[in-house]
Amino acid sequence: MDLEIYDKTQDGVPAEHVNLIQDVLQYAGKYLKLADNTEMSVTLMNNEDIHRINQQYRGVDRATDVISFAIEDDDEEAADFPLVMDDELAAEIPENIGDIFVSMDKVAEQADYLGHSYERELGFLVVHGFLHLNGYDHMEPEDEKVMFKLQADILDAYGLKR
């Protein structure tokens with residue numbers, strides 16, 4: 001998976017945390033059997049910046065821990081003009097699944113509040129956002145069970161246990 005990580009924090013995110021994000025998302029991509037040419041980005045920021053994004057795009061006037069913006073393929077306008085290509089060429093074109101924004105302030109706050117490691121909380125949030133990019137949600141109780149179990153399975157298999 002082609003993963004771009006952008007650090008927009010003021011103090012800079014330690015390399016070991018950037019590497020953890022890279023590793024856990026690569027692991028999650030393999031766990032879900034995504035194509036090797038799948039693309040996505042993660043932007044690391046502070047509470048102030050994620051608050052602004054949350055307010056602008058979701059209409060919620062507060063900071064949050066993680067926001068995902070999936071790039072969806074069900075665009076009706078695009079469906080009116082189908083692109084026809086052979087399977088070999090189609091396999092070479094990367095699929096961008098979207099972008100994740102993570103508040104590093106919230107990672108620290110929530111790890112402290114929940115009593116687990118900073119690394120566990122960071123892994124939890126990026127996998128949570130990653131699953132949203134891949135069509136999972138928790139709006140309905142049954143969907144929540146599926147998503148949260150998959151999230152726990154990925155984190156446990158990777159080694160980020162509670």
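Every residue gets a Cβ built from N, Cα and C, even glycine.
Per Swiss-Prot, Zn(2+) binding site is recorded for HIS128, HIS132, HIS138, and the stated evidence type is sequence analysis.
The Cβ of HIS132 (Zn(2+) binding site) lies under 8 Å from the Cβ of SER68, ALA70, each on the same chain and at least six residues away in sequence. Those same-chain residues not listed among HIS128, HIS132, HIS138 yet with C-beta within 8 angstroms of the centroid of the Zn(2+) site C-beta atoms are VAL66, SER68, GLY129, LEU131, TYR136, ASP137, MET147, GLN151. Just so you know, the Cβ of HIS128 (Zn(2+) binding site) picks up 21 other Cβ atoms within 10 Å once every protein chain is counted.
Secondary structure at HIS138 (Zn(2+) binding site), taken from DSSP and collapsed to helix, strand or coil, is coil.
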